[in-house]
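Notes to accompany the following structure.
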Amino acid sequence: MQAKTQRCLLVFSSPYMLQLTTRSIHTDAKLLKQRCSKLVDRIIRVDQAGELGANQIYRGQLVILGHTKAGKTIRHMWEQERAHKAAFDRLVNEYRVRPSALQPVWRVAGFALGLGTALLGERAAMACTVAVESVIVEHYNDQLRTLMCDEPPRCTEKVLLETIRRIRDEEQEHHDTGLEHGAEQAPFYHALTSLIKSGCRMAIKIAEKV
């Protein structure tokens, strides 16, 4: 029995077994890196597309409401959204991420949503902000949990994490601003916001892949 144990120890401590173990470690590390890379690509692609759409929403709203009482507030939120998009544009270049192929669609859809809700009045425009930002904040929180999770693939991209966290906080401010400016008094508030939320969630799923 002792001799058999010694033979087993010799086999598992042999250079061949050590080589296999090393290969296994390198393979696992490579696969983990690939999974992390795909995750980061997906996150940056969809977030850039989302910020493009948000820019266009405020651009469309300002066409109608730019000279109204709400115009100053909308313009301030638009300026922040422009900074958000610029941040993800930099990440696209840094990580060499393929942008969403449907950027022209997001550009037109966002502008149309902003213009259409603004035509319904200031409160409807704010209701649009509340609906969009509630989905975006939830979306960013999901991404942060995924990036910081304990299970593989654990991707601790510091710059990306900090960018998402900072932008998430500003999007929450936009959501709260919309409520403060009477969003809930908009005509058909619940139907309008539910429709916008559904559209946003669908766009997120598509932009992650296309």
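Counting starts with 1 at the first residue shown.
Each residue, glycine too, has its Cβ placed from N, Cα and C.
Predicted, not measured: the structure shown is a model, and the values here were computed from it.
The annotation Fe cation 1 binding site is assigned in TrEMBL to Glu51, Glu81, His84, Glu171. What TrEMBL lists as Fe cation 2 binding site is Glu81, Glu133, Glu171, His174.
With respect to His174 (Fe cation 2 binding site), the closest of these binding-site residues in Cα terms is Glu81, chosen from Glu51, Glu81, His84.
Across the fold, the C-alpha of Glu81 (Fe cation 1 binding site) and the C-alpha of Glu133 (Fe cation 2 binding site) stand 11 Å from each other. Most other Cβ atoms within 10 A: among the binding-site residues Glu51, Glu171, that distinction falls to Glu171. His84 (Fe cation 1 binding site): 23 other CB atoms within 10 A of its CB, across all protein chains.
Other Cβ atoms within 10 Å of the Cβ of Glu133 (Fe cation 2 binding site), summed over all protein chains shown, number 24. For Glu133 (Fe cation 2 binding site), the binding-site residues whose C-alpha atoms fall inside a 10 Å radius of its own C-alpha are Glu171, out of Glu51, His84, Glu171.
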